[in-house]
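Here's the structure, in structure tokens; my notes come after.
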Amino acid sequence: MEPFAAYPLKCSGPKAKIFAVLLSMVLCTVMLFLLQLKFLKPRTNSFYSFEVKDAKGRTVSLEKFKGKASLVVNVASDCRFTDKSYQTLRELHKEFGPYHFNVLAFPCNQFGESEPKSSKEVESFARQNYGVTFPIFHKIKILGPEAEPAFRFIVDSSKKEPRWNFWKYLVNPEGQVVKFWRPEEPLEAIRPHVSQMIGQIILKKKEDL
């Protein structure tokens, strides 16, 4: 009687081919995914890599603010923090604006529906009532699947999702969030950190000369 090993396994050939095809498909999928991550990463590792809309609906690249300190704020017109917060933002921008610093305001209506105005109306309201000169962008969503990508980056990188209006996030010249403040925190709590960051920017520019 011939040994069992002498009989050929006829079905092994097609199975091996199917396995090879499936393996190739899996490897291709993995490679495409890794390539996608490689190309996406440079566009999402900095706040300044995003584009947003201004109050008039025009596209603005945040790249123009790179190299400066930025205070990113979700603002609202009909909030109990509106008056004090806009005064604080105006003072900070007035004091540090000429020295590599910007306040970047993003209106949002998701917190107590306290921003019913249109983007243009918000800009006009802030200019007329508080004399602000810093950029006020298009009204956005911060919470949920329709959140503005630029602000979602702020939230994800800081691990601090705003719970109300006028949360303030300090972004360094490279586009990373380094500090945040809740709406009830006073100007005196923010000023030293902004001043320190601006001092570092000025010192670096002198060293690069």
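Keep in mind that glycine also has a Cβ here, set from the backbone N, Cα and C atoms.
As given in Swiss-Prot:
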MOD_RES   M1  N-acetylmethionine
TRANSMEM  18-40  transmembrane segment
ACT_SITE  C79  active site
List the residues of the same chain that sit at least 6 positions away from C79 (active site) in sequence and have their Cβ under 8 Å from its Cβ, in sequence order, or write 'none'. S85, F111, G112, S114, E115, W164, N165, F166
Three-class DSSP secondary structure - C79 (active site): coil
